[in-house]
Structure formats: C-alpha cells, structure tokens
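Chemist: Heads up, here are the entries from Swiss-Prot:
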MOD_RES   S20  phosphoserine
DOMAIN    287-329  domain 'PAC'
MOD_RES   S359  phosphoserine
MOD_RES   S386  phosphoserine
REGION    454-461  region 'Involved in RAF1-binding'
MOD_RES   S457  phosphoserine
MOD_RES   Y461  phosphotyrosine
DOMAIN    480-820  domain 'PDEase'
ACT_SITE  H556  active site, proton donor
BINDING   H560, H596, D597, D726  divalent metal cation 1 binding site
BINDING   D597  divalent metal cation 2 binding site
Amino acid sequence: MGCAPSIHISERLVAEDAPSPAAPPLSSGGPRLPQGQKTAALPRTRGAGLLESELRDGSGKKVAVADVQFGPMRFHQDQLQVLLVFTKEDNQCNGFCRACEKAGFKCTVTKEAQAVLACFLDKHHDIIIIDHRNPRQLDAEALCRSIRSSKLSENTVIVGVVRRVDREELSVMPFISAGFTRRYVENPNIMACYNELLQLEFGEVRSQLKLRACNSVFTALENSEDAIEITSEDRFIQYANPAFETTMGYQSGELIGKELGEVPINEKKADLLDTINSCIRIGKEWQGIYYAKKKNGDNIQQNVKIIPVIGQGGKIRHYVSIIRVCNGNNKAEKISECVQSDTHTDNQTGKHKDRRKGSLDVKAVASRATEVSSQRRHSSMARIHSMTIEAPITKVINIINAAQESSPMPVTEALDRVLEILRTTELYSPQFGAKDDDPHANDLVGGLMSDGLRRLSGNEYVLSTKNTQMVSSNIITPISLDDVPPRIARAMENEEYWDFDIFELEAATHNRPLIYLGLKMFARFGICEFLHCSESTLRSWLQIIEANYHSSNPYHNSTHSADVLHATAYFLSKERIKETLDPIDEVAALIAATIHDVDHPGRTNSFLCNAGSELAILYNDTAVLESHHAALAFQLTTGDDKCNIFKNMERNDYRTLRQGIIDMVLATEMTKHFEHVNKFVNSINKPLATLEENGETDKNQEVINTMLRTPENRTLIKRMLIKCADVSNPCRPLQYCIEWAARISEEYFSQTDEEKQQGLPVVMPVFDRNTCSIPKSQISFIDYFITDMFDAWDAFVDLPDLMQHLDNNFKYWKGLDEMKLRNLRPPPE
C-alpha cells in the first residue's frame, strides 16, 4: 500500500565533505528548502560488508559509528528513517529536513494526518516527529495514539514539537500517555535539530534497537527444550518459558510475580538450599541435582544450573535457572549431564548419598546407556557410570576424560596437563625448584617443609627425657592476678598493644613469662568462665605447661609461646575476627597458642626423622613435633585433676574444643604452609572481595557473615590466625625482630653443629655459624613464607601497623645484605 499523492519522495546522495546544494545559512530566521522540494531521502553511502556507519559532526567531519553491541550479540544499525508530520512548511519543518540531510538520515515529510499511518506501515520509520504546536490544525495526540495502536510501532520513537511558553510548565504525563517518547521545544536552528537527532539516534533509537533484538532472544527462550526460569534478586519469578510450565505443571499466570518460596519444594532439602544460596549470593554459578515438587505433588529430579546476573550498581539483579529433567527418556548426553551434575552436588553438600538409592541410580543409568550405545562410545559411558561411587577427585578426572573425547587437539592437550596436575598429591602446595641464586631459600624450604631423609645406619637420636611435671622455679608463683609482683605487673601493662615488649616480661619473670601473661590473657577473654574451672586450676595448668618448655632452647621456649599467645589474643581482639569466631573458637585459639610448642627439643622435624628419634618412629615421620605438642599437652592436662581445665566441661563441648585445639596446633606444621594459605585466599579473601565490591548494605553484610561463619571457613580462619601468630616475628618492631632473628639463628646453628657431629644429613647447610648471613636468611624467609601470608591476613583483618613493621624490617635486612654484612647489626661507627 503506497502513500497518499500529497507525499513526495525523492532521494539523492550527499557528496563526502561537500556542501549541501542550496544550503541556507544558519540564521535565526531558519532555513528554507529549495523551491518545489517536499522531501529529501539522504542515504549514507556504504560499501559491501562495511561494519561502520558514517555521519558528520558540526564541522562536517566524517564520524565513524561502531556496530551495536548488545551483550554477546552484535548487529548493524540500518540507515535511520525519519517521518516529519507538519501541516505546513515552516522554519521548524525545514530545520529538521536540513538536519536529516546533515546526519545522513532518510527523511519523509507529510502534511496530511490521514496519510501518516499508511506511510508508516509502508516504511517503518525509526523516528516520527509530529507538530504539536497547532492542535486545531493537527490533533497530534490522537495521531500518536493511532500510530501506537499498531504493533509495528512498539519500537518507534515518536517526538512531539511543542511551542516555547513563558508561563509555568505543565505536567508531561498526558503527553506521555498519548504515546510520545519525548518532546522537543520548537527551535528551527539546524544545529539544534541536528543535535536532537543525534541524541535520539544514540539514545532512544539505540535502546529501542536493543529491545527489538530481545525478540530474537525471547524467541529462543520460548522454543528452548530446556526449562528456563528468571527471578529477581528478591526471588520473585519474572519469567518462565513454556518448557518450564510443561515440566512443572504450572501456567504462566500462576507463577509470574510469585515469590519463589511460595512454590512447593522438598523441605527435606534445606541443607541443599543453604548450599545453593551461599553459592549464588556471592555471584557464583551453581549446578547440581535438585528434587522439586510439581503442581500435582509428584517429585521430579532435575539437573539445575542457577546463574546470577549482575546488573545496575554491580549487584545481582536476576537469577537465571536452566533446568533439565533427569528422566532418561531421550539422549545419552542428558544422562551424562545428570550424573555429572549429581557428582557436583555431592561435592557441594559434603554429604553421602543413600547407598541403596545410589546403586539403583547406577543400574538405571546403565540400562539407559544400553539404548543409546550407538551415539556414544562405551568407554565414555563406563567412566561416567563410575562417577556415582568413586572419590570426588576420580569423578573430576572422569569428567575431564569424557570431555577430551569431543574436544579439539589444543583443548585435549591442555586437559592432559590439567590431569597431570590433578594426579599430584599436593594440589594447594606449590612445587619448588632449586634456586641457584638463593641457597637460603632452598635450605629453608628443605629444612622446614620436608620430613628429611631417613638414615639407614641404625643410629638413633633419643631426645633427652624428663619427667612431665612441674619444675621448681626461683620465682614465686602468684596465687592470683592480684598477687603479681609490681615489676611483672608493669611489664604487662601494655599487653593489649602489638608493640608489647615480651622480652621485658621475660626478664621480669626470670624466663617464665607464660604463666603471668597467660593468667592475664585468659582472664581478659573469660576463659575460666567458659571452661567452668577455677583460677587456681588454670594457674596450675599454666605452670605445668610452662615447666615442659625447654628454657635451654634459644628460640622454642616459653617466651616464644607467650609471644604467640600475645599475637593470638591481639588478632582475636580485631573486629572482623570477633564478628566471625564463636567463644569456643577463641578458647581453642588461646589454648592452642599456649601449648603449640610444648616440649620442643630445639630441633626440626627433618632432624628428628633423619636421626630416627623415638618421636619420629612414634608418629611415622609425619608432623612429628606438632603431633607430640598436642598429645603431650592433653596428657599433662588430664593426668592430674588439679590442673585439668577441661574437667567440668560437657562431653560434646570438650570434644569440639579438643578437635579445634589439635587442628590449630597441627596447622603450625610448615609442610602444609602453602596449602593453608592458598585455601584461605581462595575460600575467604577472593569471595569476600567480590561481596565487598557490591557495597556495604545490610543484606550484603548478612551474606558476608553467613559465608564467613560456616564451620569450614571458621576452621580456615583459625588455622591462618595461629600460623600468623607463630611466625609473626618479622612483623614486630625492629628491635624485637632482630632479637628473634638472633635466637632462631642460634637454634639452627646448634642443629647444624649436631648434624655434623653425628654424621647426619645437614638439612640447612647455610645455617653454619661460621659462614651464615643472617640478613640473607631473614630476607629469604620473609620472601618465601611471610609476605604472601600476611598480605592475605591483612586483607581480612586489617593490620596496617604489622605491615609497616614488616616493610621496615625487610628494608633493614636488605640494607645489611647490600653492605655485605652477615651479622645482626651494622658495626658501630
């Protein structure tokens, strides 16, 4: 159907960088069209396959416009078409005509209202500009409603030209209700019209173009065989495709707008729901098997994938759920996806599936696989069947093997490398290659992170045995905190601060600082109240624990234990830790810090294993000292009722506390150092950073607290806490850092001397007292073990003072090393 005879259309090309024919000056009087020209259609010149549009800026310079990008979708914007509806030619009409010419838009002008709809249905204009200044000559609002009545106008931008008025502005709601997109206050200036068109092109028109593209996306959703559901961040259902309705037995009208919680679910899966929510609330996808209830009450097993969608403000605005029913009626692909997904769910929930049900599932899958054996190789299906009964890592390897069969060669080779890594025993511990330029680092790694080489000569190293009982001291043990001598009380005045002087307390207590600092620290945290024990019982316990530290050790003595206890208490007082840990966690941390090196012989695990010591034999060369510290501490505690701080606890509380203490003491073993740090970074730091980027809202804070307070994450936090407390010497003020470096070096020197005397392997050759560079050893220790761990801990707890000390101390050791000095301090000037 053509346009009315009154509509005249002509087309011509605009020469590049050439002035428009008969272009009028940009005067306030407005432009005039050449005599007899009613319309102008000005197509942009475009070569075949051109991916950029061209328009001109105010100076006539060509401007490139990229294709429209809509998510992962890219499409080209055709030359825009503009329909001008003016009852007479005036300056405003001519201004828009010339602006269209300047912008390179096709322009059509019509004067008769009755011809507008027919013309629009023929051309499908992107922009319609209607003269709204003379209602008696042209009822613009009625015309707009008429256009909007056509479904084809859904994505059309309609602009109304209104008069400039001096009186008070009226509401534009009637204007919008009529169907107008926006209004334009009359201004015939060509540049004003041109700028308005550009704003429309890159604003409303571009947005409508994207909305129009959504039709193809919705078409795909509506015709998808997968059931798809979209909900808001508050879990209100916004969309459900026909496959979802068919699967669940609901109609769209029953679901749209309803809260997800109102839809019947299997209440027995509360733990699974918690797992799902904890995953998707931090922006991670979740996939697994989920049992839902249909409208008619039937249970249905689904392979569900839930994808959080980030929207405005970087926050999660929608959740997309893609659902497949695991009914085995169709293809082997669906079978494999269901089984693989079920595997993922097992890992997520951490629960064993019912053995009987599991075997039924295996038989069902095997039966279905027989029907489709021609579609998939038997080897793939055999691997997939085994997933339901194998260990998690085996399931992962099987899934990768199955994926390799249909992957191109580069992907297959990359997956081979992944499998090679997965088959190693230490997934979280980095592999260290020998560094020729850093023998100190090599020796530290070998000496602290291995159990040594077993000596086969038959010679055995026997630790000096002593009775595990209280050792007499030349100082008076206090009856209570109120009975502490004045000098010792003064030495403990600043125990709440990080720069607390532990060496002053050591001197005041004649090398027995643990009992005094322990009494004060435990009182501050209310440990006696939690354990339901008296202060005298706690005092006796601290006495027997301290008595079993070797005062002859330069480093691993009760002063080190008191220092670790102080650091632990300092960390526990930080706000993030107080919000995360429970009282029982605090008690476990303080007790673990107190006992973590009890009866330490002043030798490393590697030394004991190489020497064939009684402890190494007892603990099978695995975490020898750490196992001994924990076991002996509980033997000492429970062996005498007078010092048994656990005697009044409920059995379940005691078991939980004991487990927490042992876990923290074992975490101080350096062979697991990188495993603990990497797990903390991946499970705590990274998810926390993602959540905190979303802003500090009450809802977001609740998600953070829920994530941090899971038992698994609290365990990781406690391990990291005691690890950092145990090796915090490089983060102490410089004078204390130097003293600790002197003590640990002397202990290592003594071990090297004994290894040479007994003909044992020397596990740390650089710690030879005649040749060792203490600055180099400190630099290597900080580089390899301290920096990354404290960066992660600081990101979680916020410890600016410690990080400043660490930086200062590193610079100090670096300066000594650059001066080729091997001692603790520079020579006096």
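Placement of Cβ uses the backbone N, Cα and C atoms for every residue, glycine included.
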Chemist: If you measure D597 (divalent metal cation 1 binding site) to the residue listed as 'active site, proton donor' at Cα, how many Å is it?
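Modeler: Computed Cα spacing between D597 (divalent metal cation 1 binding site) and the residue listed as 'active site, proton donor' is 7 Å.
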Chemist: From the Cα of H556 (active site, proton donor) across to the Cα of H596 (divalent metal cation 1 binding site), what is the distance in angstrom?
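Modeler: Here the two Cα atoms lie 10 Å apart.
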Chemist: Find the average pLDDT over the domain 'PDEase' (480-820) in the predicted model and report it.
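Modeler: Mean pLDDT, the domain 'PDEase' (480-820): 95.
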Chemist: H560 (divalent metal cation 1 binding site) has how many other Cβ neighbours within 10 Å of its own Cβ?
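Modeler: Here the count is 24.
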Chemist: Tell me the Cα distance separating D726 (divalent metal cation 1 binding site) from the residue listed as 'active site, proton donor', rounded to the nearest angstrom.
Modeler: 11
Chemist: Give me the DSSP three-state residue breakdown of the domain 'PAC' (287-329), ordered helix, strand, coil.
Modeler: 3 helix, 29 strand, 11 coil
Chemist: In three-state terms from DSSP, label H560 (divalent metal cation 1 binding site) for me.
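Modeler: It is helical.
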Chemist: Return the count of C-beta atoms lying within 10 angstroms of the C-beta of H596 (divalent metal cation 1 binding site), excluding that atom itself.
Modeler: 28
Chemist: Measure from the Cβ of H556 (active site, proton donor) and count the other Cβ atoms within 10 Å, all protein chains considered.
Modeler: 22
